[in-house]
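Right, one structure below, let's go through it.
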Amino acid sequence: ITKNTNVRLSLPAVCIVWQTAMIILFGVFIRYNEESDTHWVEYRKENNLSDIQNDFYFRYPSFQDVHVMIFVGFGFLMTFLQRYSFGAVGFNFLIAAFGLQWALLMQGWFHSLDYTDGKIKIGVENLINADFCVAGCLIAYGAVLGKVSPVQLLVLTLFGITLFAVEEYIILDLIHAKDAGGSMVIHTFGGYYGLSISWMLYRPNLDQSNRLQSSVYHSDVFAMIGTLFLWMFWPSFNSAITDHGDGQHRAAINTYLALASTVLTTVAVSSLFQKHGKLDMVHIQNSTLAGGVAVGTAAEFMLMPYGSLIVGFCCGIISTLGYIFLTPFMEKYLKIQDTCGIHNLHAMPGVIGGIVGAITAAAATESVYGAEGLRNTFDFEGEFADRSTSKQGGHQAAGLCVAICFGVGGGILVGFILRLPIWGDPADDNCFNDEPYWEATPPQDKMSPKSGTINSLNFSLHFVSLKMFCFTSIEHIIIFLNLIFFFFFVKTEFII
């Protein structure tokens, strides 16, 4: 079936109309909070504060790291497909830029609305939370990577941000569950949201694009850049909005250790299940991050360093086995075509994280935390002052159920909308390809040597290709090193 992938009118119309709507809504609702407004000088004097106590100086380094994860980490992680690098990075950029604006509004209406004047007051912590909100939609994008149009992705993001804000409010405010690193709110929701959409958009003839649903050497190198950025900055992700002091410190330590443990078990399982003990780059790119997902909920709890290592150890095994066995099973029997394997990197580890959080909370004791530490860690204040740790464990489990329900239910609803034949999605034989939506140079057909002259020409072309390949590989390394140098130079200048 031939499909019209021309989005010349629909994509500009959606972008312009929605951005205009953002400008109007921001003009009506969004204002600076007391720490980013010019009245900070008066507020500071009234509360006997100094400029260095402005939340910006505590949160901005973490915001930088999270921002890099969203735009560089997630974007490059999805460049593994040989002909879909533009779509991976470019559409990631597009939906993140739109999503963070909508997230500031949606989360603001639930969390930051000043009822005295009806305005949403934002500061640096709101920017971090908006990035978290966007992460849920980028996770969902991984399930449908290469199979949808940019207009569909914007619709997915519009509804995804809305659903995220509602489930986040229910889990964190109404149920009063703790989820510092978003194992439940971000990863479980985003994972099942994307999987449910992929199930609704099932393509029985997707095997017609099998030739493109694979990687080549340089695409895997680019994807590994995304992995390394995510792996390095995940401690900032899980600790970014925790309480200043011991909670933030502990969250970074727990994440750091879980990630390290995950790498070793991922390598072990990948080698064990591959012929001749060779490693599969898909496992190294993805499963090595699963420990950071699973430790998110309990990151600020007294999980203990050995507990973090155990979580990472288990997740490396489970995630890698998921790529080996579950992904093919889900595609064959459940009709879920999961391009990036988000079930193994986000959904399953997110559920494990929710379970670990519930057990750790229920097992918390005053002898380990201290009376004040227990109240501070679980925010046992106000209407929750009399809640016991065992009851908190039950509410943590309830929060996990809410995340799964919103992900599955919301994904089915949005998937039904995205099935409408009006979005310009690609045909089954043209998925995982940049050409329908990007100005991309088509791959050159290989020559068939029929004579000595052509054979020599073919050899010369292969030699030139080899030189070009080596050159581009060096370019990739240089680009990667420049990115790291620039980022850390900026961070060092900021800290100084």
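Cβ coordinates are placed from backbone N, Cα and C, and glycine is handled just like the others.
All TrEMBL annotations are machine predictions without curation.
Source: prediction; values computed, not measured.
According to TrEMBL:
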type: TRANSMEM; residues: 9-30; note: transmembrane segment
type: DOMAIN; residues: 48-420; note: domain 'Ammonium transporter AmtB-like'
type: TRANSMEM; residues: 84-105; note: transmembrane segment
type: TRANSMEM; residues: 126-145; note: transmembrane segment
type: TRANSMEM; residues: 151-172; note: transmembrane segment
type: TRANSMEM; residues: 184-202; note: transmembrane segment
type: TRANSMEM; residues: 222-241; note: transmembrane segment
type: TRANSMEM; residues: 253-273; note: transmembrane segment
type: TRANSMEM; residues: 306-326; note: transmembrane segment
type: TRANSMEM; residues: 397-418; note: transmembrane segment
type: TRANSMEM; residues: 466-490; note: transmembrane segment
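Against the transmembrane segment (184-202), stretch 397-418 shows more Cβ pairs under 8 Å than any other of 9-30, 84-105, 126-145, 253-273, 397-418.
Sequence-distant contacts of the transmembrane segment (151-172) (same chain, at least 6 residues past either end, Cβ-Cβ under 8 Å): 7, 10-11, 14-15, 18, 91, 94-95, 98-99, 102-103, 106-107, 109-111, 133-134, 136-137, 140-141, 144, 178-179, 184-186, 189-190, 193, 197, 399, 402-403, 406, 410, 413-414, 417-418, 423-425. Within the chain, the transmembrane segment (126-145) has long-range Cβ neighbours (under 8 A, six or more residues past its boundaries) at 33, 59, 62-63, 66-67, 69-70, 74, 78, 81, 84, 87-88, 91-92, 95-96, 99-101, 103-104, 106-108, 111-112, 152-153, 156-157, 160-161, 164-165, 168, 182, 185-187, 189-191, 193-195, 197-198, 201, 240-241, 336-343, 345-346, 411, 432. In the predicted model, residues of the domain 'Ammonium transporter AmtB-like' (48-420) average a pLDDT of 96.
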